Every structure is written in structure tokens, then in C-alpha cells.
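Look at TrEMBL and you will find 7-158, 181-321 tagged as domain 'Sodium/calcium exchanger membrane region'. Feature annotation from TrEMBL assigns transmembrane segment to 6-23, 35-54, 74-92, 112-132, 138-160, 181-208, 214-234, 246-269, 275-296, 308-329.
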């Protein structure tokens, strides 16, 4: 019991540390975007999304390099993508008068995110079928294979860079860039410390309950490391900035899938994914992605009713994983 309480306490403290670091980061990123004259869509989809994804990429790096648990990091990435799509937009919609979408968000950011999900699915499939040693159970990811999603993200950045080059910025003289870059760095360091504590707590829970680390990455670490995204999107929605609120979610997920997982593979040199576990969870991610896109396209607004539907889907997902972990159902082999 003492070990369980200690692990839970560690995760709670780590979550608070990540939240504090995300607050430092969000303020600095917003001021730097104004200083450099970035358009709102680029600020949300690239600057804020990449920065608020730092906990997720940290979870992959720390899990792989420090604890030799690549599957924990992958679980955190996939679980975070599900949390980001179902929980964060719902909270943003419920905490603001209205959460408006735009055709640019639907036809550019959302569609590229769909492409990123398909690319990662294809990479997993290639790792199981064409890489020597891969089987219908184990997908082996190599540096050559993960170069594909990295190149895809390069295209994503290029498209947004074109938007930035065409944008005419308003002049601002109230921002001190050196100070803000320093504050941004402090925020990232604080987030890293929090992620390490959360990873250790999740590994301890895996030992206590004798469950795969992928499960704890998919739920506990995913929710904890998504706090910066939630903080940014909800605050933007309250400030009537729906574009940043939604593009942050989509941009963060795109970065996580196309960059964070490949970085873990590059650090490990070679990594193995449980294909039979990855496919059902990636399938659920694909399903909720389509639901999310339909909701934000309908009347170009995420209504309160749709927000509650998204939250309900996340409850279904958590219950599904819980039932799998205790063996009451067996739809996902390996959990």
C-alpha cells in the first residue's frame, strides 16, 4: 500500500510541476510570437504546439534513454493524441462562449493530421512486414523507416512557413526577446523534471499491478503530459482565440506522431513495437480523429453537446483500457 500511495503521490506532484512549467512556457511563447510577428495560425500550429508537446517528446526520450522502455513512450504519445482530441477541445468549448472553427483549420491542419496518423500506421505496418525480424506481433522500427514521418513533418513546417512569409506583422516594442527566451528555457527544464517524476511513478505502478508499461503510458502519462496543451487551448478559448485553441491541438498531435516517436527510435538505434497492441489503439485514434473533424466542420463550431460527446468517448476509452488490464475483456492482445 505504501508503494502504491508513493507512486500516486509522485505522479500528482510531477503533474503539478509540468503544469507550472507549461505556464512559464506559454507566456514566453505568446510574447515571442508577437515580437517576431507570426500569424495566429502559425503561432498555434507550430510555436505553441511544438512547445506544449515538449512533455510528450521528453517522455519518449526519458523512457527510451534512461529507463529502456520505448513502449512506455509510444503509449504516452498515442494516448496523448487521443486525450488531445477528445478532452482538450471539449474543455475549451465548455469553458468559452463558443469555440469556432475555420475552413483553413478543417482543410489544412486537420487534413494534414489525418495524413500523419496514416503515415505512422503505415510505418508500423512496414516495420512488421518488411524489416528483418519483424513479425505479425512485433513491428521493428529503424532509423531509415522513421525518416518518412520526419520528412512529412518537414513539409508541414514548410507549408506554415509560407503563411508566415506572407503575413504582415504589427510592430511591437514592449517585448524583451532575451528575457522571454530565457523564460521559455526555464519552462522546458521544469517540464522535463516533471516528466521524469511521472515516468518513474508510471513504471512503479506497472510493477505493482503487474501490467504492461504501454498501458500506463497510454493513460496516466498521456493525460499528465497533455497538461500544457490543455492549459494553452483552454486559455486561448477563454480569450476568444478559437484558432489558436484548435490549431494547438492539431499541431501538437501532428508533432507528436511525426517527430516524437521517430526521435525515440533514433536515440535507441532500433525499437520494437507490439503490433497487436498498437493496431487497435491506433484504430481508435483514427476513429476519434474522424469524429473530431466532423464535429468541428459542422457549422464550423464545436457545440456543448458535441463537447460532452467527446468527453464520453474518452471515458469509454479509459474504461476499455481498464477492462483490458484486469482481463475482463481481451480485444487487445498483450495488455
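Every residue gets a Cβ built from N, Cα and C, even glycine.
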Let me spell it out: take the transmembrane segment (74-92), skip the flanking residues so only those 6+ beyond its ends count, and list any with a Cβ under 8 Å from a Cβ in it.
56, 59-60, 63, 99, 213-219, 221-223, 225-226, 229-230, 233-234, 236-237, 245-246, 249, 252-253, 256-257, 260-261, 264, 273, 278, 281-282, 284-285, 288-289, 292, 296, 302, 307-308, 310-311, 313-314, 317
Can you find at least 3 Cβ pairs under 8 Å between the transmembrane segment (275-296) and the transmembrane segment (112-132), where each pair is 6 or more residues apart in sequence?
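In contact, yes.
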When you scan the chain for residues with a C-beta under 8 Å from the transmembrane segment (6-23), skipping those not six or more beyond its ends, what do you find?
52, 55, 186-198, 200-202, 204-205, 208, 220, 224-225, 227-228, 231-232
Near the transmembrane segment (246-269), which residues from the same chain, at least 6 beyond its ends, have a CB less than 8 A from one of its CBs?
41, 44-46, 48-50, 52-53, 56-57, 60-61, 63-65, 70, 73-74, 77, 80-81, 84-85, 88-89, 92, 99, 101, 105, 109-110, 112-113, 116-117, 119-120, 141-143, 145-147, 149-150, 152-153, 156, 229, 232-233, 236, 296
Looking at the stretches 112-132, 181-208, 214-234, 308-329, which one shares the most CB pairs under 8 Å with the transmembrane segment (138-160)?
112-132
At a C-beta cut-off of under 8 Å, are there same-chain residues at least 6 beyond the transmembrane segment (112-132) that contact it? List them, or none.
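Result: 138-142, 145-146, 148-149, 152-153, 156, 159, 250, 253-254, 257-258, 261, 273, 275, 278-279, 282, 285-286, 289, 293.
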Could you put numbers on the helix, strand and coil content of the domain 'Sodium/calcium exchanger membrane region' (181-321), residue by residue per DSSP?
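Residue counts for the domain 'Sodium/calcium exchanger membrane region' (181-321) by secondary structure: 125 helix, 6 strand, 10 coil.
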